[in-house]
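Features of the protein shown, as given by TrEMBL:
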type     : residues : note
DOMAIN   : 66-415   : domain 'CstA N-terminal'
TRANSMEM : 67-85    : transmembrane segment
TRANSMEM : 149-171  : transmembrane segment
TRANSMEM : 195-219  : transmembrane segment
TRANSMEM : 225-243  : transmembrane segment
TRANSMEM : 250-267  : transmembrane segment
TRANSMEM : 287-308  : transmembrane segment
TRANSMEM : 320-342  : transmembrane segment
DOMAIN   : 432-573  : domain 'CstA N-terminal'
TRANSMEM : 451-471  : transmembrane segment
TRANSMEM : 492-513  : transmembrane segment
TRANSMEM : 525-549  : transmembrane segment
TRANSMEM : 556-575  : transmembrane segment
TRANSMEM : 587-610  : transmembrane segment
REGION   : 626-662  : region 'Disordered'
């Protein structure tokens with residue numbers, strides 16, 4: 001049976017909803033920045049438009065460029081980044097120690113704190129942070145041309161994303177697996193912590209509710225992905241039992257799991273599943289969304305090794321097999337790039353002018369360059385499973401490299417996966433077009449041509465890959481939201497059980513999803529805030545890392561340079577959005593955007609003050625044997641002490657200890 005793919009099927013972008021329909025789930029049009037509302041952006045647009053019309057940027061020769069040039073340069077840079085730059089970070093900046101006992105051992109509980117093989121943990125971390133964003137963001141951003149997207153993905157992965165994810169994981173596991181929000185209370189102050197929790201809660205709510213719409217829409221438009229999507233849950237449970245209960249050999253379990261997953265894809269391609277047009281008065285996408293929330297709630301309460309971890313591990317292996325198939329098709333077909341190198345002449349889907357590439361590029365492509373959500377995952381779940389501190393380099397930095405490779409594959413598939421410029425322009429005729437639909441269409445065509453895999457099965461593989469990654473991100477997001485709800489409850493003087501906190505998180509998500517009616521697309525109401533909120537969160541995470549490194553008297557320039565750049569671009573984008581929301585009368589988005597901006601400015605000011613204080617204080621000393629590594633006189637106690645389920649119990653008497661690495 002053939003899959004009914006819609007070439008115009010473009011669920012969402014990284015921060016920009018797109019117009020499409022999935023079984024009754026209608027998404028709003030793109031929230032493009034209006035250049036008439038920003039004089040500086042308007043002038044930049046004019047300058048870039050002139051440059052884009054020169055023969056150097058738009059000439060015939062560059063359209064005939066072999067895409068393998070992008071592949072070799074991009075992959076080479078990312079591998080070099082892991083081999084060289086991550087080693088520098090591990091030794092000189094983060095100072096990893098093989099003798100340090102991680103929270104997975106000192107606080108092992110069999111539920112959240114579980115020592116985990118680094119390859120299994122990498123799979124969990126990678127698929128939790130990846131989602132559909134490293135596919136969608138680049139697949140939308142290439143409308144500006146392949147060069148800006150390529151440069152931001154490669155440079156961002158090597159020098160920003162890897163450092164950010166690695167650093168957030170390192171800092172959290174040195175503090176009993178505490179979240180970034182809790183660490184902000186320790187190193188910046190209680191006000192900063194409270195504002196941080198607000199931003200974190202909003203970001204997770206956007207991610208979970210938005211990805212629910214994405215997955216529900218894909219399961220309706222791609223019925224061949226239904227069986228492998230839900231069958232992967234059964235495979236994950238069996239893999240978890242085989243690894244942890246029966247102690248089977250990991251490579252053997254891995255091979256069996258991946259074969260089972262791809263077998264499910266073949267079955268799904270043969271037997272697509274579609275829900276009735278109406279069930280209890282709800283369209284198919286809404287039913288899928290409800291089932292996804294129920295599954296996510298159950299998964300968030302189970303011990304991490306039962307479902308979440310093995311599901312993410314198998315999905316991670318599936319992704320690398322999928323990447324192998326995709327990159328193998330690149331090598332065998334050597335497709336020509338038909339997209340322009342730089343393109344600023346298209347219009348938006350609503351007929352307005354093309355939005356300015358600055359700063360929108362840097363919030364459209366988040367995952368695949370840098371994403372604040374990664375820091376939340378690293379500090380929320382991954383840090384509690386780290387077996388050795390030295391594993392943080394592989395799990396954190398190489399996790400970012402894996403996502404960069406996926407983003408690079410998306411760029412090549414959407415710029416070289418079409419036979420002609422005309423075919424490419426049919427998809428990318430206006431800003432906000434493209435997305436997952438362009439990736440599946442372009443990538444599926446290359447896989448079919450290069451490896452001879454039937455077009456229907458090729459599309460099923462790529463669509464399932466996108467669905468599974470979005471689903472694993474949603475799983476982890478619900479688990480993280482449960483922890484955030486518990487932290488917020490402690491801030492206001494209460495205490496919630498894991499079950500109660502999960503129910504609250506589900507009610508909030510479902511309430512938002514169905515706030516606009518029975519189609520379940522309410523999550524898209526606040527989706528336009530994702531890009532800027534996500535990147536501001538990344539900048540604030542870097543600010544905390546900068547404070548910690550300042551206290552330790554370690555190099556801060558690898559953090560500060562990306563911090564200034566990301567903070568500037570994301571605040572610029574947020575300010576333009578404020579103008580745009582006001583002009584369009586989108587009052588809810590306007591209020592939330594202003595709240596996020598105020599929180600980011602406040603935390604930034606407090607972080608600068610904390611760094612200045614740290615420079616005047618005695619250096620902080622870390623040991624390798626304490627349950628909680630920092631030994632510092634300035635650790636807060638009393639009402640201003642850090643809160644959270646993992647909060648450190650400091651003595652009121654300051655202590656000092658020699659550094660065994662000295």
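Backbone N, Cα and C define each Cβ position, glycine as well.
Since we're looking at a predicted model, the values are computed, not measured.
The largest share of C-beta pairs under 8 angstroms with the transmembrane segment (195-219) comes from 525-549, of the ranges 250-267, 451-471, 492-513, 525-549.
Along the domain 'CstA N-terminal' (66-415), the predicted structure has mean pLDDT 88.
Broken down with DSSP, the domain 'CstA N-terminal' (432-573) shows 117 helix, 0 strand, 25 coil. Between the transmembrane segment (67-85) and the transmembrane segment (320-342) there are at least 3 Cβ pairs closer than 8 Å, counting only pairs 6 or more residues apart in sequence, which means the two stretches are in contact. Across the candidate stretches 287-308, 451-471, 525-549, 556-575, 587-610, the maximum count of CB pairs under 8 A to the transmembrane segment (250-267) is reached by 451-471. Sequence-distant contacts of the transmembrane segment (149-171) (same chain, six or more residues past either end, CB-CB distance under 8 Å): 70, 73-74, 77-78, 80-82, 85-86, 89-90, 93-94, 96, 125, 129, 138, 141-142, 180, 183, 361-362, 365, 368-371, 374-375, 378-379, 382-383, 386, 389, 392-393, 395-401, 403-404, 407-408, 411, 538, 541-542, 544-545, 548, 558-559, 562, 565-566.
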